[in-house]
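Annotation source TrEMBL lists domain 'G-protein coupled receptors family 1 profile' at 56-305. Here TrEMBL flags 40-63, 75-95, 107-133, 145-166, 207-231, 252-270, 290-307 as transmembrane segment.
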Amino acid sequence: MQSKYVTLQRANKFKITDTNLTVPIEFVLLGFSDIPQLHWFLFGIFLFIYMIILLGNGIIILITRVEPTLQTPMYFFISNFSFLEICYVSVTLPRMLMDLFTLKGNISFLACATQMCLFLILGATECFLLAVMSYDRYVAICNPLLYPVVMSSKVCTQLVVGSWVIGVPIQVGQTYQILSLPFCESNQINHFFCDIPPLLKLACGNIFVNELVVFIFAVLIVTIPFMLILASYSRIISTILKLPSNTGRTKAFSTCSSHLIVVFLFYGSASITYLKPKSNKFEGTDKLLSLFYTILTPMFNPLIYSLRNKDVTGALKKLFTRLLAL
């Protein structure tokens, strides 16, 4: 059964620049066109997930702003991380919902470029911000006396701003070099959003240099922050094990466990996607991994940070009590 996604007239979707090479005017996101009988089910599921992401992360942002006990560097970073997650998922999920609702996957060349660029920038920001959050925990546990000085309000703001802007020139360059490639006859992207791996599969000619550049940037943006996180937590764990009391060790571990869970959820799926060898055999698996780090991880984050954190659960109870008293 052929999906309505692929009923486009291909003749009008390319601008011919050579006898065999073309520049697409429009792409087609195939998304989940291979299971058309589940479109409405998927639409309902993803809409529910999007609402949960907006509500959960929105509540985290709210309580860290209004609750005095959460006015600390750690919760300042968590609040920014929740805002980032809302932005991150909003780049891909609303578009996917529209495609599922209209049964069309048409996306213009400019819209595809914009989506990919924003997605890459926000993904890089998440990598750097997770590294910053691990550094915050390192200073708090390993150098508690210096913590108020090292993690001052000014420093925290600078670290957050740096996390947002450091990846911008790299990812803009990435987007330009990918979408400047010549594409073959097909304009159908076997994915639910514009991303580097599925677009590279449409490119013609020898793209070894482009793939090498993508791999190098992935190593820089994914691996280096991850190694910094591992280095921070190796020192943290070493320090925690030296604490004299079980209560102190338990409290220290509890403040770090939530962050570690988020780190491994995000980095695990993202690393497999961008650092694994190119292959056409596991495109379904690629979609599932992409769903994991683009949608499911942002949904789990508020649950992880709230259910495993007594300060957050206490602040939530206070907030709900105030709302019920109105």
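For all residues, glycine too, the Cβ spot is worked out from N, Cα and C.
Outside the transmembrane segment (252-270) by six or more residues, the chain places 74, 123, 126-127, 130, 133-134, 137, 140-141, 222, 226, 229, 233, 236, 239-240, 243, 289-290, 292-293, 297, 300-301, 304-305, 308-310 with a CB less than 8 A from a CB of the stretch.
It is 207-231 that, among the stretches 40-63, 207-231, 290-307, forms the most Cβ pairs under 8 Å with the transmembrane segment (107-133). If one looks beyond the transmembrane segment (40-63) by at least 6 residues along the same chain, the residues whose Cβ comes under 8 Å of a Cβ in the stretch are 32, 70, 78-79, 82-83, 85-86, 89, 93-94, 96-97, 100-101, 295-296, 298-299, 301-303, 305-306, 312, 315-316, 319.
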